[in-house]
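K.L.:
TrEMBL lists these features:
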DOMAIN    15-435  domain 'Enolpyruvate transferase'
BINDING   27, 28, 32, 173, 175, 326, 353  3-phosphoshikimate binding site
BINDING   27, 100, 128, 175, 357, 402  phosphoenolpyruvate binding site
ACT_SITE  326  active site, proton acceptor
Ligand SMILES: O=C(O)C1=C[C@@H](OP(=O)(O)O)[C@@H](O)[C@H](O)C1
Ligand SMILES: C=C(OP(=O)(O)O)C(=O)O
(Lines of atoms letter the chains of each structure in order from A and count residues from 1; the text may use other names and numbers.)
(Lines give C-alpha, C1' and ligand atoms only; values in the text may rest on other atoms or scores of the structure.)
(Ligands and ions follow the chains in the order given, each with its own letter.)
Protein backbone atom coordinates (compact mmCIF):
# COMPACT_ATOMS: atom_id res chain seq x y z
CA UNK A 1 0.00 0.00 0.00
CA UNK A 2 1.02 3.62 -0.50
CA UNK A 3 2.18 4.14 3.07
CA UNK A 4 5.33 2.10 2.52
CA UNK A 5 6.69 4.34 -0.27
CA UNK A 6 6.22 8.08 0.35
CA UNK A 7 6.48 9.97 -2.95
CA UNK A 8 7.03 13.75 -2.83
CA UNK A 9 5.87 15.96 -5.72
CA UNK A 10 6.11 19.67 -6.52
CA UNK A 11 3.37 21.86 -8.05
CA UNK A 12 3.97 25.26 -9.57
CA UNK A 13 2.15 28.36 -10.72
CA UNK A 14 0.39 27.44 -13.96
CA UNK A 15 -1.22 28.96 -17.02
CA UNK A 16 -4.81 28.19 -18.11
CA UNK A 17 -6.33 24.72 -17.83
CA UNK A 18 -8.28 23.41 -20.78
CA UNK A 19 -9.66 20.28 -22.43
CA UNK A 20 -12.26 17.57 -21.98
CA UNK A 21 -11.65 14.76 -19.52
CA UNK A 22 -13.40 11.95 -17.67
CA UNK A 23 -12.55 11.35 -14.01
CA UNK A 24 -12.51 7.80 -12.55
CA UNK A 25 -15.65 6.07 -11.28
CA UNK A 26 -17.48 7.13 -8.16
CA UNK A 27 -15.82 5.64 -5.08
CA UNK A 28 -19.00 5.27 -3.00
CA UNK A 29 -20.90 3.61 -5.86
CA UNK A 30 -17.94 1.36 -6.74
CA UNK A 31 -17.74 -0.05 -3.17
CA UNK A 32 -21.48 -0.71 -3.13
CA UNK A 33 -21.48 -2.24 -6.62
CA UNK A 34 -18.90 -4.83 -5.54
CA UNK A 35 -20.60 -5.58 -2.23
CA UNK A 36 -24.14 -5.97 -3.57
CA UNK A 37 -22.95 -7.95 -6.62
CA UNK A 38 -21.14 -10.29 -4.23
CA UNK A 39 -24.45 -10.83 -2.38
CA UNK A 40 -26.57 -11.41 -5.48
CA UNK A 41 -27.15 -14.91 -6.83
CA UNK A 42 -25.30 -15.15 -10.16
CA UNK A 43 -23.12 -12.93 -12.36
CA UNK A 44 -23.14 -9.12 -12.24
CA UNK A 45 -21.12 -6.96 -14.60
CA UNK A 46 -19.72 -3.57 -13.65
CA UNK A 47 -18.23 -0.94 -15.97
CA UNK A 48 -16.56 2.32 -14.94
CA UNK A 49 -15.47 0.83 -11.60
CA UNK A 50 -12.94 2.97 -9.73
CA UNK A 51 -9.72 0.97 -9.65
CA UNK A 52 -8.35 2.94 -6.70
CA UNK A 53 -6.77 1.32 -3.65
CA UNK A 54 -9.87 1.82 -1.45
CA UNK A 55 -12.15 -0.06 -3.85
CA UNK A 56 -9.53 -2.77 -4.40
CA UNK A 57 -9.55 -3.31 -0.61
CA UNK A 58 -13.30 -3.97 -0.83
CA UNK A 59 -12.80 -6.36 -3.77
CA UNK A 60 -10.11 -8.30 -1.87
CA UNK A 61 -12.34 -8.59 1.22
CA UNK A 62 -15.35 -9.82 -0.78
CA UNK A 63 -13.11 -12.42 -2.45
CA UNK A 64 -11.80 -13.50 0.94
CA UNK A 65 -15.44 -14.08 1.98
CA UNK A 66 -16.27 -16.23 -1.02
CA UNK A 67 -17.24 -14.03 -4.00
CA UNK A 68 -15.54 -14.60 -7.36
CA UNK A 69 -14.39 -11.26 -8.76
CA UNK A 70 -12.49 -10.76 -12.03
CA UNK A 71 -11.28 -7.72 -13.91
CA UNK A 72 -12.15 -8.20 -17.60
CA UNK A 73 -10.87 -4.85 -18.95
CA UNK A 74 -10.15 -1.29 -17.82
CA UNK A 75 -12.90 -0.47 -15.30
CA UNK A 76 -14.80 -3.64 -16.32
CA UNK A 77 -15.38 -6.28 -13.67
CA UNK A 78 -17.42 -9.47 -13.32
CA UNK A 79 -18.69 -10.62 -9.93
CA UNK A 80 -20.25 -14.02 -9.15
CA UNK A 81 -22.19 -13.53 -5.93
CA UNK A 82 -22.73 -16.01 -3.11
CA UNK A 83 -26.24 -14.83 -2.15
CA UNK A 84 -27.37 -12.97 0.96
CA UNK A 85 -26.37 -15.12 3.95
CA UNK A 86 -23.73 -16.95 1.89
CA UNK A 87 -20.56 -15.11 2.93
CA UNK A 88 -17.84 -17.45 4.19
CA UNK A 89 -15.32 -17.24 7.02
CA UNK A 90 -12.23 -15.38 5.69
CA UNK A 91 -8.93 -17.20 6.23
CA UNK A 92 -7.03 -14.14 7.47
CA UNK A 93 -7.53 -10.54 8.60
CA UNK A 94 -9.32 -8.22 6.17
CA UNK A 95 -6.92 -5.38 5.30
CA UNK A 96 -8.96 -2.23 4.66
CA UNK A 97 -5.92 -0.06 3.84
CA UNK A 98 -6.98 3.60 4.08
CA UNK A 99 -10.70 3.05 3.47
CA UNK A 100 -13.32 4.04 6.04
CA UNK A 101 -16.16 3.12 3.68
CA UNK A 102 -14.88 -0.44 3.14
CA UNK A 103 -14.42 -0.94 6.88
CA UNK A 104 -17.74 0.37 8.12
CA UNK A 105 -19.90 -1.15 5.38
CA UNK A 106 -18.21 -4.55 5.62
CA UNK A 107 -18.56 -4.54 9.42
CA UNK A 108 -22.30 -4.30 8.71
CA UNK A 109 -22.21 -7.22 6.28
CA UNK A 110 -20.27 -9.45 8.66
CA UNK A 111 -22.55 -8.54 11.61
CA UNK A 112 -25.43 -10.65 10.28
CA UNK A 113 -23.38 -13.59 8.94
CA UNK A 114 -22.20 -16.58 10.94
CA UNK A 115 -18.53 -15.66 10.82
CA UNK A 116 -15.80 -13.83 12.66
CA UNK A 117 -13.68 -11.27 10.84
CA UNK A 118 -10.72 -9.17 11.93
CA UNK A 119 -10.38 -5.73 10.31
CA UNK A 120 -6.99 -4.02 10.04
CA UNK A 121 -5.90 -0.85 8.25
CA UNK A 122 -3.16 1.75 7.79
CA UNK A 123 -2.07 4.31 10.41
CA UNK A 124 -4.76 6.80 9.31
CA UNK A 125 -7.65 4.31 9.32
CA UNK A 126 -6.51 2.86 12.64
CA UNK A 127 -7.24 6.21 14.33
CA UNK A 128 -10.78 6.57 12.98
CA UNK A 129 -13.85 5.99 15.19
CA UNK A 130 -15.74 2.74 14.63
CA UNK A 131 -18.00 3.11 17.71
CA UNK A 132 -20.60 4.74 15.45
CA UNK A 133 -21.15 1.39 13.68
CA UNK A 134 -20.36 -0.83 16.66
CA UNK A 135 -23.30 0.72 18.59
CA UNK A 136 -26.15 -0.13 16.16
CA UNK A 137 -24.60 -3.43 15.05
CA UNK A 138 -24.32 -4.51 18.73
CA UNK A 139 -28.05 -3.83 19.08
CA UNK A 140 -28.50 -6.24 16.17
CA UNK A 141 -26.63 -8.89 18.18
CA UNK A 142 -23.10 -8.77 16.74
CA UNK A 143 -20.18 -8.79 19.18
CA UNK A 144 -17.00 -6.74 18.88
CA UNK A 145 -13.47 -6.75 20.25
CA UNK A 146 -12.08 -3.35 19.28
CA UNK A 147 -8.85 -1.55 20.10
CA UNK A 148 -9.06 1.19 22.76
CA UNK A 149 -11.33 4.05 21.64
CA UNK A 150 -13.31 1.73 19.34
CA UNK A 151 -10.64 1.67 16.64
CA UNK A 152 -8.93 -0.90 14.38
CA UNK A 153 -7.67 -3.56 14.65
CA UNK A 154 -11.05 -4.95 15.63
CA UNK A 155 -12.85 -8.27 15.48
CA UNK A 156 -16.53 -8.71 14.58
CA UNK A 157 -18.49 -11.85 15.55
CA UNK A 158 -21.66 -11.95 13.47
CA UNK A 159 -25.00 -13.32 14.70
CA UNK A 160 -27.50 -15.43 12.75
CA UNK A 161 -30.34 -14.68 12.91
CA UNK A 162 -29.55 -11.05 13.70
CA UNK A 163 -32.12 -8.84 15.42
CA UNK A 164 -33.92 -6.18 13.33
CA UNK A 165 -33.65 -2.69 14.85
CA UNK A 166 -35.22 0.71 14.55
CA UNK A 167 -32.34 3.21 14.73
CA UNK A 168 -32.18 6.98 14.63
CA UNK A 169 -28.82 8.09 13.25
CA UNK A 170 -27.03 10.21 15.90
CA UNK A 171 -24.49 11.42 13.30
CA UNK A 172 -25.16 12.35 9.66
CA UNK A 173 -23.25 9.45 8.11
CA UNK A 174 -23.99 7.45 4.97
CA UNK A 175 -21.45 4.88 6.16
CA UNK A 176 -23.39 4.21 9.38
CA UNK A 177 -26.70 4.13 7.50
CA UNK A 178 -25.26 1.72 4.92
CA UNK A 179 -23.65 -0.55 7.53
CA UNK A 180 -27.07 -1.03 9.16
CA UNK A 181 -28.81 -1.58 5.81
CA UNK A 182 -26.23 -4.18 4.77
CA UNK A 183 -26.62 -5.96 8.12
CA UNK A 184 -30.40 -5.75 7.64
CA UNK A 185 -30.19 -7.64 4.33
CA UNK A 186 -29.64 -10.95 6.15
CA UNK A 187 -31.84 -10.12 9.15
CA UNK A 188 -35.41 -11.41 9.45
CA UNK A 189 -38.10 -8.71 9.67
CA UNK A 190 -37.88 -4.97 9.06
CA UNK A 191 -34.76 -2.91 9.71
CA UNK A 192 -35.74 0.75 10.06
CA UNK A 193 -33.38 3.73 9.96
CA UNK A 194 -34.43 7.27 10.75
CA UNK A 195 -32.20 9.84 9.11
CA UNK A 196 -32.84 13.39 10.35
CA UNK A 197 -30.26 14.93 7.98
CA UNK A 198 -30.11 13.37 4.49
CA UNK A 199 -26.80 11.81 3.45
CA UNK A 200 -25.73 10.22 0.16
CA UNK A 201 -28.38 7.69 -0.87
CA UNK A 202 -26.40 5.38 -3.17
CA UNK A 203 -27.10 2.36 -0.95
CA UNK A 204 -30.85 2.89 -1.09
CA UNK A 205 -30.82 3.41 -4.88
CA UNK A 206 -28.64 0.39 -5.53
CA UNK A 207 -30.47 -1.92 -3.10
CA UNK A 208 -33.67 -1.01 -4.92
CA UNK A 209 -31.99 -1.76 -8.27
CA UNK A 210 -30.85 -5.19 -7.01
CA UNK A 211 -34.46 -6.02 -6.09
CA UNK A 212 -34.42 -5.52 -2.31
CA UNK A 213 -37.74 -4.55 -0.70
CA UNK A 214 -36.82 -1.06 0.52
CA UNK A 215 -38.98 2.01 1.04
CA UNK A 216 -38.06 5.60 1.89
CA UNK A 217 -40.55 7.99 3.48
CA UNK A 218 -39.74 11.69 3.84
CA UNK A 219 -41.68 13.80 6.37
CA UNK A 220 -42.34 17.56 6.33
CA UNK A 221 -39.02 18.31 8.13
CA UNK A 222 -37.03 16.34 5.57
CA UNK A 223 -36.45 13.43 7.99
CA UNK A 224 -36.13 10.20 6.03
CA UNK A 225 -37.36 6.84 7.30
CA UNK A 226 -35.82 3.91 5.43
CA UNK A 227 -37.36 0.47 5.85
CA UNK A 228 -35.73 -2.69 4.52
CA UNK A 229 -37.34 -6.12 4.60
CA UNK A 230 -34.61 -8.62 5.42
CA UNK A 231 -33.64 -12.07 4.15
CA UNK A 232 -33.67 -10.49 0.72
CA UNK A 233 -32.80 -12.23 -2.51
CA UNK A 234 -30.71 -9.93 -4.71
CA UNK A 235 -30.78 -10.33 -8.50
CA UNK A 236 -27.52 -9.80 -10.41
CA UNK A 237 -27.21 -6.50 -12.29
CA UNK A 238 -25.33 -4.66 -15.01
CA UNK A 239 -23.95 -1.48 -13.44
CA UNK A 240 -22.38 1.55 -15.14
CA UNK A 241 -20.58 3.60 -12.47
CA UNK A 242 -20.67 7.38 -13.16
CA UNK A 243 -17.60 9.59 -12.70
CA UNK A 244 -16.99 10.71 -9.13
CA UNK A 245 -18.29 14.24 -8.40
CA UNK A 246 -15.83 14.40 -5.48
CA UNK A 247 -12.88 13.74 -7.81
CA UNK A 248 -14.26 16.09 -10.50
CA UNK A 249 -14.26 18.93 -7.94
CA UNK A 250 -10.43 19.13 -8.06
CA UNK A 251 -9.99 19.94 -11.79
CA UNK A 252 -13.17 22.05 -11.71
CA UNK A 253 -11.90 24.26 -8.88
CA UNK A 254 -8.47 24.40 -10.57
CA UNK A 255 -10.16 25.76 -13.73
CA UNK A 256 -12.40 28.20 -11.83
CA UNK A 257 -9.46 29.84 -10.02
CA UNK A 258 -7.00 29.98 -12.94
CA UNK A 259 -7.42 32.87 -15.43
CA UNK A 260 -8.15 31.83 -19.02
CA UNK A 261 -9.28 28.28 -18.13
CA UNK A 262 -12.14 26.24 -19.58
CA UNK A 263 -12.39 22.55 -18.65
CA UNK A 264 -15.16 20.00 -19.29
CA UNK A 265 -15.51 16.88 -17.15
CA UNK A 266 -17.82 14.34 -18.75
CA UNK A 267 -20.12 11.69 -17.21
CA UNK A 268 -20.08 13.13 -13.67
CA UNK A 269 -22.54 11.79 -11.06
CA UNK A 270 -25.07 14.53 -10.21
CA UNK A 271 -26.92 12.84 -7.35
CA UNK A 272 -28.27 15.79 -5.32
CA UNK A 273 -26.94 14.21 -2.10
CA UNK A 274 -23.42 14.73 -3.56
CA UNK A 275 -23.52 18.05 -5.42
CA UNK A 276 -23.43 20.61 -2.59
CA UNK A 277 -19.96 21.70 -3.76
CA UNK A 278 -21.30 22.78 -7.14
CA UNK A 279 -24.22 24.67 -5.58
CA UNK A 280 -21.84 26.51 -3.23
CA UNK A 281 -19.35 27.34 -5.99
CA UNK A 282 -22.24 28.75 -8.05
CA UNK A 283 -23.30 30.82 -5.03
CA UNK A 284 -19.74 32.25 -5.10
CA UNK A 285 -20.18 33.22 -8.76
CA UNK A 286 -18.69 30.19 -10.50
CA UNK A 287 -19.42 29.80 -14.20
CA UNK A 288 -20.52 26.15 -14.35
CA UNK A 289 -22.72 24.65 -17.06
CA UNK A 290 -24.27 21.19 -17.16
CA UNK A 291 -24.80 19.48 -20.52
CA UNK A 292 -26.12 16.11 -21.62
CA UNK A 293 -28.06 15.54 -18.40
CA UNK A 294 -29.23 11.94 -18.27
CA UNK A 295 -29.73 8.97 -15.97
CA UNK A 296 -27.25 6.09 -15.79
CA UNK A 297 -28.09 3.02 -13.69
CA UNK A 298 -30.46 4.91 -11.39
CA UNK A 299 -28.09 7.88 -10.87
CA UNK A 300 -28.27 11.32 -12.58
CA UNK A 301 -25.20 12.20 -14.67
CA UNK A 302 -24.03 15.30 -16.62
CA UNK A 303 -21.02 16.82 -18.39
CA UNK A 304 -19.80 19.84 -16.39
CA UNK A 305 -17.96 22.77 -17.96
CA UNK A 306 -16.08 25.16 -15.67
CA UNK A 307 -14.69 28.51 -16.84
CA UNK A 308 -12.42 30.83 -14.89
CA UNK A 309 -14.60 32.99 -12.62
CA UNK A 310 -14.25 35.79 -10.11
CA UNK A 311 -15.36 34.00 -6.94
CA UNK A 312 -16.86 35.91 -3.98
CA UNK A 313 -16.82 34.68 -0.37
CA UNK A 314 -20.05 33.25 1.09
CA UNK A 315 -21.42 31.83 4.32
CA UNK A 316 -21.99 28.08 3.79
CA UNK A 317 -25.19 26.85 5.49
CA UNK A 318 -24.21 23.99 7.83
CA UNK A 319 -27.07 21.77 6.65
CA UNK A 320 -25.46 21.51 3.19
CA UNK A 321 -22.36 19.86 4.72
CA UNK A 322 -23.34 16.18 4.18
CA UNK A 323 -23.80 16.79 0.43
CA UNK A 324 -20.23 18.17 0.09
CA UNK A 325 -18.54 16.51 3.04
CA UNK A 326 -15.43 15.33 1.12
CA UNK A 327 -15.17 18.53 -0.94
CA UNK A 328 -14.42 20.99 1.88
CA UNK A 329 -10.62 20.75 1.48
CA UNK A 330 -10.77 21.86 -2.19
CA UNK A 331 -13.58 24.31 -1.39
CA UNK A 332 -11.27 25.97 1.17
CA UNK A 333 -8.68 26.39 -1.59
CA UNK A 334 -11.27 28.16 -3.76
CA UNK A 335 -12.23 30.41 -0.81
CA UNK A 336 -8.55 31.31 -0.24
CA UNK A 337 -8.31 33.11 -3.58
CA UNK A 338 -11.89 34.46 -3.68
CA UNK A 339 -12.91 38.05 -2.97
CA UNK A 340 -13.94 38.59 0.65
CA UNK A 341 -14.76 36.26 3.51
CA UNK A 342 -16.02 32.68 3.45
CA UNK A 343 -17.49 31.27 6.66
CA UNK A 344 -18.08 27.56 7.30
CA UNK A 345 -19.52 25.87 10.40
CA UNK A 346 -21.00 22.55 11.54
CA UNK A 347 -18.00 20.63 10.14
CA UNK A 348 -16.87 18.63 13.21
CA UNK A 349 -16.99 15.45 11.08
CA UNK A 350 -14.02 16.72 9.05
CA UNK A 351 -11.83 16.09 12.09
CA UNK A 352 -12.38 12.29 11.87
CA UNK A 353 -11.72 11.69 8.17
CA UNK A 354 -8.41 10.30 6.80
CA UNK A 355 -6.86 13.22 8.71
CA UNK A 356 -8.18 16.12 10.78
CA UNK A 357 -9.09 18.05 7.64
CA UNK A 358 -9.94 21.29 9.46
CA UNK A 359 -6.56 21.39 11.22
CA UNK A 360 -4.52 20.33 8.20
CA UNK A 361 -6.24 22.66 5.75
CA UNK A 362 -5.95 25.59 8.19
CA UNK A 363 -2.25 24.92 8.79
CA UNK A 364 -1.42 24.26 5.12
CA UNK A 365 -3.34 27.22 3.74
CA UNK A 366 -1.79 29.51 6.35
CA UNK A 367 1.64 28.18 5.35
CA UNK A 368 1.03 29.04 1.67
CA UNK A 369 0.01 32.56 2.69
CA UNK A 370 -3.81 32.42 3.00
CA UNK A 371 -5.69 34.17 5.81
CA UNK A 372 -7.45 31.45 7.76
CA UNK A 373 -9.03 31.27 11.20
CA UNK A 374 -9.65 27.76 12.54
CA UNK A 375 -12.75 27.30 14.70
CA UNK A 376 -13.84 24.10 16.47
CA UNK A 377 -16.39 23.36 13.73
CA UNK A 378 -15.18 25.19 10.63
CA UNK A 379 -12.81 27.65 8.96
CA UNK A 380 -13.18 31.35 8.27
CA UNK A 381 -11.15 32.39 5.26
CA UNK A 382 -10.39 35.88 3.92
CA UNK A 383 -9.59 35.45 0.24
CA UNK A 384 -6.84 37.17 -1.73
CA UNK A 385 -9.34 38.64 -4.21
CA UNK A 386 -7.85 36.75 -7.13
CA UNK A 387 -4.19 37.42 -6.26
CA UNK A 388 -1.75 34.51 -6.04
CA UNK A 389 -0.90 32.87 -2.74
CA UNK A 390 2.79 32.89 -1.79
CA UNK A 391 3.61 29.15 -1.61
CA UNK A 392 7.28 28.18 -1.20
CA UNK A 393 6.55 25.52 1.44
CA UNK A 394 6.30 21.76 1.92
CA UNK A 395 2.90 20.39 2.96
CA UNK A 396 2.37 17.11 4.81
CA UNK A 397 -0.44 15.05 3.25
CA UNK A 398 -0.79 12.83 6.37
CA UNK A 399 -2.08 9.78 4.42
CA UNK A 400 -5.00 11.90 3.16
CA UNK A 401 -5.63 11.90 -0.61
CA UNK A 402 -7.89 14.96 -0.48
CA UNK A 403 -5.28 17.05 1.39
CA UNK A 404 -2.67 16.07 -1.23
CA UNK A 405 -4.95 16.91 -4.20
CA UNK A 406 -6.11 20.19 -2.62
CA UNK A 407 -2.55 21.48 -2.22
CA UNK A 408 -1.61 20.28 -5.72
CA UNK A 409 -4.38 22.59 -7.00
CA UNK A 410 -3.42 25.39 -4.58
CA UNK A 411 0.16 25.12 -5.85
CA UNK A 412 -1.05 26.19 -9.30
CA UNK A 413 -2.12 29.53 -7.79
CA UNK A 414 1.05 30.07 -5.73
CA UNK A 415 3.90 32.32 -6.83
CA UNK A 416 6.50 29.91 -5.42
CA UNK A 417 6.39 26.12 -5.76
CA UNK A 418 4.46 23.96 -3.30
CA UNK A 419 5.92 20.56 -2.47
CA UNK A 420 3.75 17.81 -1.02
CA UNK A 421 5.74 15.35 1.09
CA UNK A 422 3.75 12.32 -0.12
CA UNK A 423 1.29 12.22 -3.02
CA UNK A 424 0.95 8.43 -3.01
CA UNK A 425 -2.35 8.49 -1.00
CA UNK A 426 -4.01 10.02 -4.10
CA UNK A 427 -4.08 6.45 -5.48
CA UNK A 428 -6.84 5.59 -3.00
CA UNK A 429 -9.47 7.56 -4.98
CA UNK A 430 -8.01 9.18 -8.15
CA UNK A 431 -5.05 7.16 -9.49
CA UNK A 432 -4.52 9.30 -12.63
CA UNK A 433 -4.97 12.69 -10.91
CA UNK A 434 -1.45 13.99 -11.51
CA UNK A 435 -1.43 12.87 -15.16
CA UNK A 436 -4.83 14.48 -15.77
CA UNK A 437 -3.91 17.74 -14.03
CA UNK A 438 -0.73 18.02 -16.02
CA UNK A 439 -2.52 17.14 -19.31
CA UNK A 440 -5.04 19.96 -18.78
CA UNK A 441 -2.52 22.55 -17.62
CA UNK A 442 -0.66 24.97 -19.89
CA UNK A 443 2.72 25.89 -18.40
CA UNK A 444 3.04 29.67 -17.93
CA UNK A 445 4.47 31.32 -21.04
CA UNK A 446 3.51 28.35 -23.31
CA UNK A 447 0.77 28.72 -25.96
CA UNK A 448 -2.69 27.37 -24.97
CA UNK A 449 -3.18 23.63 -25.62
CA UNK A 450 -5.56 22.09 -28.08
CA UNK A 451 -8.44 20.12 -26.55
CA UNK A 452 -7.24 16.71 -25.39
CA UNK A 453 -9.07 13.66 -24.19
CA UNK A 454 -7.51 11.50 -21.51
O1 LIG B 1 -20.86 6.18 2.36
C2 LIG B 1 -19.88 6.58 1.71
O3 LIG B 1 -19.52 6.03 0.64
C4 LIG B 1 -19.14 7.75 2.23
C5 LIG B 1 -19.68 8.54 3.20
C6 LIG B 1 -19.00 9.69 3.80
O7 LIG B 1 -18.53 9.33 5.08
P8 LIG B 1 -19.45 9.44 6.41
O9 LIG B 1 -20.52 8.44 6.32
O10 LIG B 1 -18.48 9.16 7.53
O11 LIG B 1 -19.95 10.85 6.43
C12 LIG B 1 -17.82 10.16 2.96
O13 LIG B 1 -17.02 11.04 3.71
C14 LIG B 1 -16.99 8.99 2.46
O15 LIG B 1 -15.95 9.46 1.64
C16 LIG B 1 -17.80 8.04 1.64
C1 LIG C 1 -13.60 10.18 3.85
C2 LIG C 1 -13.28 9.55 2.71
O3 LIG C 1 -13.29 8.19 2.51
P4 LIG C 1 -13.38 6.99 3.54
O5 LIG C 1 -14.22 7.40 4.72
O6 LIG C 1 -13.97 5.86 2.76
O7 LIG C 1 -11.97 6.66 3.97
C8 LIG C 1 -12.93 10.34 1.50
O9 LIG C 1 -12.81 9.71 0.44
O10 LIG C 1 -12.75 11.57 1.57
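Each residue, glycine too, has its Cβ placed from N, Cα and C.
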K.L.:
Just the binding-site residues from 28, 128, 175, 326, 357 whose C-beta lies under 6 Å from any atom of ligand 1, please, or none if there are none.
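P.N.:
So the answer is 28, 175, 326.
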K.L.:
Near ligand 2, which of the binding-site residues 28, 32, 128, 326, 357 have CB less than 6 Å from any of its atoms?
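P.N.:
Within range of ligand 2: 326.
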K.L.:
Using other CB atoms within 10 angstroms as the count, which residue among the binding-site residues 32, 353, 357, 402 scores least?
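P.N.:
The binding-site residues 32, 353, 357, 402 were compared, and 353 has the fewest Cβ atoms within 10 Å.
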K.L.:
List, in sequence order, those binding-site residues among 27, 28, 173, 175 whose Cα sits within 10 Å of the Cα of residue 128 (phosphoenolpyruvate binding site).
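P.N.:
Near residue 128 (phosphoenolpyruvate binding site), where near means Cα within 10 Å, there are no binding-site residues at all.
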K.L.:
Quick one: of 27, 128, which of the binding-site residues has the smallest count of other CB atoms within 10 A?
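P.N.:
Taking 27, 128 as the binding-site residues, the minimal 10 Å Cβ count falls on 128.
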K.L.:
What binding-site residues in the list 100, 357, 402 lie within 10 angstroms of residue 175 (3-phosphoshikimate binding site), counting C-alpha atoms?
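P.N.:
Among 100, 357, 402, the ones whose Cα sits within 10 Å of that of residue 175 (3-phosphoshikimate binding site) are 100.
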K.L.:
Who sits close to residue 326 (3-phosphoshikimate binding site): which same-chain residues at least 6 apart have their Cβ under 8 Å from its Cβ?
P.N.:
246, 353, 402
K.L.:
Neighbour count first, Cβ atoms within 10 Å, every protein chain included; then name which of 28, 173, 175 tops the list of binding-site residues.
P.N.:
28
K.L.:
Restricting to the domain 'Enolpyruvate transferase' (15-435), what is the model's mean pLDDT?
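P.N.:
Over the domain 'Enolpyruvate transferase' (15-435), the predicted model scores a mean pLDDT of 98.
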